[in-house]
Every structure is written in C-alpha cells, then in structure tokens.
Amino acid sequence: MNSAPSAIAVRSVSKSFGRGDAMVRVLSDVSVEIGVREFFTLLGPSGCGKTTLLRLIAGFEELDSGDILIDGVRVDHLPPFRRPVNTVFQSYALFPHLTVAQNVAFALELQDLPRAEVRRRAGEALEMVRMGALAARKPAELSGGQQQRVALARALAPRPKVLLLDEPLSALDLKLRKEMQIELKQLQAEAGITFVFVTHDQEEALTLSDRIAVMQGGRILQLGTPREIYERPAHRFVADFIGEINLLEGQVSGHGKVRLDCGAEISAGAGQAAGARVTVAIRPERARLVRGGVLQAEVTHVAYLGTATIMQLRLADGGPFLLRAAADDLPAIGGRVQVDLPSDALQVFAA
Amino acid sequence: MNLRRLPLTREIGLGVLVYLYVPVVVLIVYSFNANRTATVWTEFSLDWYRKILANPSIREATWNSLVLAAAAGIGSTLLALAAALGTKTRFRGRGLVEAVLNAPLILPEVVVAVATLMLFVAIGVELGMAAMIPAHIAFCIPFAFLPIKARLDGMNPSLEEAAQDLYANRLITFRRVTLPLLWPGILAGFTLAFVTSLDDFLTSFFLSGPGSTTLPVYIFSAIRAGITPEINAISTIMLIVSVALVVTSFLFGRMRR
Ligand SMILES: Nc1ncnc2c1ncn2[C@@H]1O[C@H](COP(=O)(O)OP(=O)(O)OP(=O)(O)O)[C@@H](O)[C@H]1O
Ligand SMILES: [Mg+2]
C-alpha cells in the first residue's frame, strides 16, 4: 500500500433504521477504501443499502458504529456542509426558484469568493457540461438530460475532492444514458475527481468503473475491477447479478468430478467434499459448440445479432442453457447439439 | 361516471349559486341606492359611500379593524410558520400537537371568547386592542398553519439536503431554500388569517373596549338602530377588500409555482 490516504475510507460501518421490533439493519460491517481519482461504483439490487452508504458519506445519516474518513480526516461528527464532498441526487434536487446559473453558483457564493470569480467558475462548470446557453432558464424549463447536467455542474463547481452520484442516469432514456455515460467518464478524467457512483445497472457499472463493490443485503460481497468481478465472481449471487451466466446445479461425485442434474459428468469442483451440492457457472461466450462435447442439448431459439449468435438450448433435464457463438455458427431450431465446457471457464459455488 | 351528465345537476348547481350569492348581490346593489329605506330602489347614487367616509366612528372602526387584522395576520403567521417547521419531522405526540393547533377551527367560538374575557378580567388585562390582538392571533393560527403546512409537506426533502451538501449551514439553508419555497404558503396563510380576523365579530364583541370598536362590531350596533344603506356600503367595501386580498394572494401563489 502507498502511504497517501485514500480519498474515502469506510471502516466497519453499520447502520440500522427504526427501533425495537421495527428495526431494520441496512448496512452490516461495511469496509471499503476508495483511492484518489478512482471511479468507484456501488452496485447491487434495490434495497441493498447503496443510497444509505452514500448518504452516510455525505453526512445526511448518522453512523451506528464504525467510522468514515475523507482524505484521511474523520468526518463522522461533521454536518454535511462541513464535508468536502458534493452529491448529485437521484432526483437532481435542483432549486426550482433559482435559475440554472444561480443553482450552479449556490455553493460558490457561500465560499466568500469575489463576485467575478463566482460568475467565472459557475460559467466554467456550465461549459463543462455544455449548458452555458441555458444559464438563464429555470429548472422546470429543462429536459431530464439537461437537468441532470445542471445537477452535475452544480456539484462540480465548488471543486469537491469527491463527487457522490446516486443513480444519476436512471431517469434518462437508453440513448441519452449511453451518451451521458461517456461524458461522465471524460468529465471525471478531466476534473481529476474521485467518483463514488451508485447504480443497479451492471452494464453501466462494468463500462464506467475502475473498481466495483457488489452489494447485497447491506454487505459488500465482492470488491474488484470490472474484469475480476466478471471473470472471477466470488459468490453465486455476484455471478448471477453481473452479466449473463449459466448456473448448473449438481453434486460432487468424486475427487474433482461433478455430476450435473442434467446427467453429464464434468471435471470441476476440486476441493469440495464428495456428495456436496454445488452450482457450476459458465458464461455464455465461454461455452463452445463442439462435436463430442459433454452436454447434450436441443436448440430452442436462435438470435442472430450480427457480431454474434445467441442460442437458447434445452438440456436433458429440461433446464435452459445460453450460448454465445461466432456469427456464422447457425444451427437449426430443434436440432441436437453438443456443448463443451472448458474447465478454465468454470466456476464452482457451494450451494 | 361523469357528474355533469346526471339529470338536474346543472339546475341544482345554479340553484345553489343563487342561494349563496343573492343576499350579497342585493346588499351590493342597495348600497348604491339613493333612497334611505333600504328596501325601495329609486336611483343610483354614491351618497352612502360619501357619508361613511365622512363618519368619524366608521373611520375609527375601519382603522381598528385593519390594525387588528394586520397584527393578528402577522402574529399568527409567524407562530404558524414556527409550528409547521417544528412539526416537520416525526416525533411522539406530533398528531396531538397538530390537533391542538387546529382546535380553534372546531371549538365553539363563543365559549372561547367568554373564557378569554373571564381570564383577561381576572388577570387585569384591559379590554380593547391589547385583549383583542392576542385572542385574534390564537384563533387565526390554524388558518395560517394549514397552507404553510401543505406547502412544507409538498416540498422535496432533498432540496434542503442539496443546500447543506453545497456548504449552506442550517440558517442559510432556511433563508435561501426553505423560506423562498414556502413563500406562497406563507402569503396564503397570512391572507386567510387577515381576512378571518377582519371578519370576526364574536371575539371582538366580547373583548373590545371603548374606542376600540371594530367594523363588524360597529355594524352590529348600528343595525340595532335599523338597517341603513350606510351598512350596505360598509359591508360592500369589506367584501371587496377581502375578495381582493384572497384573489391577489391566489394569483401570486400561482405565479411563483
Ligand atoms: N429513513 C429510512 N427509514 C427506514 N428505512 C430506511 C430508510 N432509508 C432506507 N431504508 C431502508 O433501508 C434499505 C436500504 O435502502 P437504500 O435506499 O440504501 O437502498 P438502495 O440500495 O439505494 O436501493 P435502490 O436501488 O432501490 O435505491 C431499504 O430496505 C430501505 O427500505
Ligand atoms: Mg437508492
């Protein structure tokens, strides 16, 4: 480890809401270190505690236990307005009674900067998100995408060390979302700011992030680069949540052998006790159509995508199997095929 | 189901309108009547308006009413604003607090007025403005409270969080975000309280003293000497002032949205 403090350190943080019988534990013993200038993503299904963790960092909620450091300084007892982070809210939360320019200047005006400097920096921030032309409008006169940009400019204008973004793109349509993803990434690189980004869209997380924390039920299940998370998921849940994957149930039949429920026996599961129930996972693009392959299957659906072909197969026990192959590999629907499962592409999870 | 399509809806609606407004229209019309008998129309005239403007007791009563309404409006709006902000977050007994605040809406006014009179006499508060202002503030609170509360409940809570996130402390957040957003509600609350106080007879009747007669009390005592066109004229002016205030605040509220 280098000696420079991380942009954000979250140490053994727990948080519950409610009291007595109605108490719900939302975060349990969460720890994470986020590096300076990192694009860090909190990814997980609805209700897993992503927003709560973000709000704890911003200071809108109080910790039950643990501590949070920003730039090496403990901030647990500081109110939001004393923390060097800014938030882009999911609902944008633009001030409806102020113009776009006044919204962006809000924090700058509170920093005792000279008037000209406030105007210059607000203008700069608006240019950064290409909203300079609409500076005189009220938020109600903007489209969703434009509001999103203003929210971003407003949070960037005071040059925070860390920007917290709570599903900032979720209200946008697909096309705009893709465009904004690219812009966000460029903006982050240009401004040199640490981003803590919340999403439940795994594709968005994989595209944007330097590192991802996959959360479930108030815990971080796995922390790693998009590649690590995609290729070496540490939990069945992570494997299932990120990208598409085939999950085959089976039982360890002997040393390094698994008998799948569909009947096939494959080499996998070394280190698991014989008789244990396991789940074998393989990505659709890692399985291969090979004559003499270990899985017998029937083709139920073929989708030609131009760059690849996606095949829906049915295994001997009736279970589905997804396979992605080169575009010219087009078997007939109803035809019988054999599938090979390369052992380096397999991942085994205890059930 | 479309209510407007039901048989007779239109006729019943018109009937209700007539029932509600005919007395008021008659009053307004007769305030411009030249004849002294309030029930016989002769010709158009502004005489009664000239007369009431020249009448010192009416001028004094008008002035008293306006001062009282302004004081009651400002006082009750400030208290209602504090109450609305104080009951924003949940706490034990919040429902009870709100019920107590709104109690003047259902308590019989005559009982409260008599009770207040007895209390003030017992502790030696002199009847007059000093007695009427606090009493009016009290019964005007719910009228000021409800619009402010509605506006506050409708406010997106992340706006205040956004302000704090952008380095505004609690006071600055209140001044620059909460207050401007509440402004239409505050104005509506003030107007309602003002008009309610302006219109009040019972409480003022019990608590006014010599020299502090309000317009409704003056009208009541004048009417014992017989219904005169002057009363029609005063009433018309009161009506116009009240309606104008409410309409202005309504338009202003719409403009700010
Ligand atoms: N103020 C609160 N009071 C009570 N429960 C709360 C509160 N805030 C959040 N929760 C609960 O905590 C859990 C986690 O909420 P959180 O908003 O952090 O989820 P999330 O991961 O952001 O979900 P989403 O993707 O839907 O936004 C949820 O079960 C939620 O109901
Ligand atoms: Mg959330």
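The backbone N, Cα and C atoms fix where each Cβ goes, glycine too.
Note that the structure is predicted; figures quoted are calculated from it, not measured.
Record features, source TrEMBL:
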type: TRANSMEM; residues: B:12-32; note: transmembrane segment
type: DOMAIN; residues: B:62-252; note: domain 'ABC transmembrane type-1'
type: TRANSMEM; residues: B:66-87; note: transmembrane segment
type: TRANSMEM; residues: B:99-123; note: transmembrane segment
type: TRANSMEM; residues: B:129-148; note: transmembrane segment
type: TRANSMEM; residues: B:177-198; note: transmembrane segment
type: TRANSMEM; residues: B:231-252; note: transmembrane segment
Contact set, same chain, for the transmembrane segment (B:129-148): CB under 8 Å, 6 or more residues outside the stretch: 64, 67-69, 71-73, 75-77, 79-81, 83-84, 101-105, 109, 112-113, 116-117, 120, 182, 185-186, 188-190, 192-193, 196-197, 200, 203-204, 207-209, 212, 214
Cβ-based contact of the transmembrane segment (B:231-252) with the transmembrane segment (B:99-123), 3 or more pairs under 8 Å: no
Folded-back contacts onto the transmembrane segment (B:99-123), same chain, C-beta under 8 angstroms, at least six residues removed: 80, 83, 131, 135, 138-142, 145-146, 202-203, 205-207
Residue numbers, six or more beyond the limits of the transmembrane segment (B:12-32), whose CB comes under 8 Å of its CB atoms: 38-39, 41, 44-46, 48-49, 229, 232-233, 235-236, 239
